[in-house]
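Below: the structure, in structure tokens.
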Amino acid sequence: MNKKIGFIGCGNMGKAMLNGLISSNYINIDNIMVSTRSEESKSNIIDEFKVKCTLDNIEVAKFSDILFLAIKPNMYKKVINEIKGNLKKDIIIVSIAAGINLSDLEEWLDKDYKIVKTMPNTPALVGEGMSAICPNLNVNKEELRLICNIFKNFGKYEILEEKYFDGFIALCGSSPAYVFMFIEAMADAAVKLGIPRNKAYKMAEQSILGSAKLALDTGKHPAELKDMVCSPGGTTIEAVTELESNGFRNAVIKAMEKCAEKSKNIQ
């Protein structure tokens, strides 16, 4: 790809995206520029990724054909006001922050800009992210395809209407935390049962990974896969019954509802 890509901000998610783009050889590193807030961070990014890095957001804005705003939601309006007089006419602006709507970006920039709202999740750090993508009406099919191809470098994606993003955040944006809690709880139980902790974590992690891959590769309904493990009168159905009696499903559903509600009110 010969487009120039800029990142304003480069936290964990920005680094995950950079790593995916560079490790896949999707783009020449000469066509990437990053801005960050400190000399230490600048030095670290240059050392790790060998890309151009600056403390000047405007320099990145002028450079970019595609500009990722990889900053905290509360910084968006300030940064946009700083850079909006220095953007190329046909630039594509990509948001990766929760709680920032297309209408907000169109108000702060201009409704004529090409803007794409996205939401990646942290497994992008290992190339297994799940991202949602929603363009505004100014983005044509070819430009949307270009953005989607970028996101393919660090996982999978779905094109979603903006109204589904709060649900997506609950389902995919925050769910890694739920999964990590489940892994931790499984490992704690294993330790209680006498298994060494380092082995418990590895076995729990592999069990989660393998189960997810089984669901993805077979396409079978999760209930069918669960039933395959639950022998009549066996150990697994005993555990499943205990989970159900303690409100396992309801706890997950209620947690996701709270997450989506918070997403709606995050600004």
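Glycine residues also receive a Cβ, built from the backbone N, Cα and C atoms like all the rest.
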Self-check item: Given TrEMBL lists Ile8, Gly9, Cys10, Gly11, Asn12, Met13, Ala70, Ile71, Lys72, Pro73 for NADP(+), the same-site residue among Thr36, Thr54
Solution: Thr36
Quiz item: Which state, by DSSP, holds Cys10 (NADP(+) binding site): helix, strand or coil?
Solution: coil
Exercise. Run through the Cβ atoms and count how many others sit within 10 Å of the one on Ile71 (NADP(+) binding site).
Key: 24
Quiz item: Given the binding-site residues Asn12, Thr36, Asn57, which one's Cβ is surrounded by the fewest other Cβ atoms within 10 Å?
Solution: Asn12
